[in-house]
Amino acid sequence: MSARAQIGVTGLAVMGRNLARNFARHGYTVAVHNRSYAKTESLIADHGTDGDFIPSESMKDFVASLAQPRKVVIMVKAGGPTDAVIQELIPLLDEGDIVIDAGNAHFPDTRRREAELKEHGLHFVGTGVSGGEEGALNGPSIMPGGSKESYEWLGPILEDISAKVDGVPCCTYVGSDGAGHFVKMVHNGIEYADMQLIAEAYDLLKQGLGASAKEIGEIFAEWNKGDLESFLIEITADVLQHVDAETGSAFVDIILDRAEQKGTGRWTVQNALDLGVPITGIAEATFARALSGSVPQRTAANGVLEAHAGTWEVTDREAFIEDVRLALYASKVVAYSQGFDQIAAASEEFGWDIDRGAMARIWRGGCIIRARFLNRITEAYERDANLPLLLADEYFVSAVGHGVSAWRRIVAQAALNGVPTPAFASSLSYYDGVRADRLPANLIQAQRDFFGAHTYQRTDKAGVFHTEWSLDRSESTES
Ligand SMILES: NC(=O)c1ccc[n+]([C@@H]2O[C@H](COP(=O)([O-])OP(=O)(O)OC[C@H]3O[C@@H](n4cnc5c(N)ncnc54)[C@H](OP(=O)(O)O)[C@@H]3O)[C@@H](O)[C@H]2O)c1
């Protein structure tokens, strides 16, 4: 077997198969392998003409077909299967070879694997890949971590097969060890928030206007021509206008209202709690999915809990639609602002030195959250790479500020009329919280000192203080 493949893919289910085809279509010689040989055979039978593939039945032959330094992309089920494939590969590889995990790994696993492979003299590149099966085939957004040295070998190939926006590849080096998978995780968290916000906007239009799914779909199609232009808004317009062939009803009206999840939203929220970063939009979106699936609780509450709610009377249809649009845009900026705060905090914690503007740039195409306004985020970080709050960038101050009154009207009316808007409302609360002169955290500090001697700081002088609450209430200072 001649070792001539420039890249290899092991794991040829929907994602690996399409990624291998993408490499081949870009002129690379691609070694392909799958645990069960049938998937390899079917790739060659169905798409062998896409380019130059070298199929192998055994992992040994697969590795032998790769030119050095070998570049092996693992695209198998995340978790145990990825570890199993890595262990199979280690004895077959040589120092300097590069193992790329392009699955949806949890970033602490990537950090562990990177450290282990380093001991064997191997590069391990945890790589986020977004865009689903369509993206894998035609150009995904790619977020590689690992060593900078490995990116010199790998970067040109990955940039080549990634999506392009204005000729710029949606792929860049993210940072060492688990940085790539971390950023992909936050990307997915933002995707949860974006989807929940869109769902709330749909519900508001439905409840406020009594509009049909088709009519709401037309509104979303219109919104997609402006600031909100994005893949998710575009598919929402499409899905809402789709008719169920069996019943003739609007497709969305026959779908059970229970949202599922694969866990990346949960990981994002868990990590944000560890880092102490408020990502309320993503958290509310994750919990909203959990609430939708809380069947016993929903059954116990339905028709029992009192609403005392008004009925929505919209007098100016166009003004209401514009209010919902502005509230959606503002809430969406909050979700991104929070997600970028989380990236900054993790970058600091793990020494990744992540360029947030570059992350917004590689999310402009190929991935699920691709959107016109990501250009604005890149510009904001170009103006100030250390921007402490995306919302405080001059562009977003004005863009969100323009919609604040509408946002308040929508959240207030939704509350009065009993329509749940967890992501809209929590985003507005965050906005008011982060801009507040003074928060009620002073009282919390006083309570903590009262029951636990946890101390407090004062507004009028420096130092750390404690009051003897159960004695004479005298104040002491800690050095
Ligand atoms: N689907 C998406 O839209 C999407 C998007 C982004 C990222 N991802 C990630 O991409 C990865 C691949 O996704 P997918 O949907 O294509 O496939 P998948 O259903 O997650 O996994 C199936 C693949 O894993 C292999 N596999 C399972 N257990 C194995 C083991 N113990 N040893 C070796 N191989 C094993 C299977 O081989 P056999 O054929 O032999 O069973 C098959 O090739 C996952 O990490 C996924 O989370 C998926």
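The backbone N, Cα and C atoms fix where each Cβ goes, glycine too.
Keep in mind that TrEMBL annotations are predicted by a computer and have not been checked by a curator.
Residues or ranges marked as NADP(+) binding site in TrEMBL: Gly11, Leu12, Ala13, Val14, Met15, Gly16, Asn34, Arg35, Ser36, Val76, Lys77, Ala78, Asn104. Here the Cβ of Ser36 (NADP(+) binding site) has 9 other Cβ atoms within 10 Å, regardless of which shown protein chain they belong to.
Taking Cβ-Cβ distances under 8 Å and a sequence gap of 6 or more within the same chain, the neighbours of His187 (substrate binding site) are Gly128, Ser130, Ser141, Met143, Gly339, Trp363, Cys367, Ile368, Ile369. In the three-state DSSP reading, His187 (substrate binding site) counts as helix. Taken from TrEMBL, the feature substrate binding site covers Asn104, Ser130, Gly131, Gly132, His187, Asn188, Tyr192, Lys262, Arg289, Arg448, His454.
Under the heading domain '6-phosphogluconate dehydrogenase C-terminal', TrEMBL lists 180-470.
Annotation source TrEMBL lists active site, proton acceptor at Lys184. Sequence-distant contacts (6 or more apart, same chain, Cβ under 8 Å) of Lys184 (active site, proton acceptor) comprise Asn104, Gly128, Val129, Ser130, Met143, Thr264.
The annotation active site, proton donor is assigned in TrEMBL to Glu191. Every protein chain shown contributes to the tally, and the Cβ of Glu191 (active site, proton donor) ends up with 23 other Cβ atoms within 10 Å.
Gly131 (substrate binding site) and Glu191 (active site, proton donor) are 11 Å apart (CA-CA, integer value). Checking the recorded positions Ala13, Met15, Asn34, Ser36, Asn104, Lys184 against ligand 1, the ones with a C-beta less than 6 Å from an atom of that molecule are Ala13, Met15, Asn34, Ser36, Asn104.
Asn34 (NADP(+) binding site) sits 22 Å from Gly131 (substrate binding site), taking the C-alpha atoms as the reference points. Farthest C-alpha pair in the NADP(+)-binding residues Gly11, Leu12, Ala13, Val14, Met15, Gly16, Asn34, Arg35, Ser36, Val76, Lys77, Ala78, Asn104: 21 Å apart.
The Cβ of Gly131 (substrate binding site) lies under 8 Å from the Cβ of Gly139, Pro140, Ser141, Ala163, Gly366, Cys367, Ile368, each on the same chain and at least six residues away in sequence.
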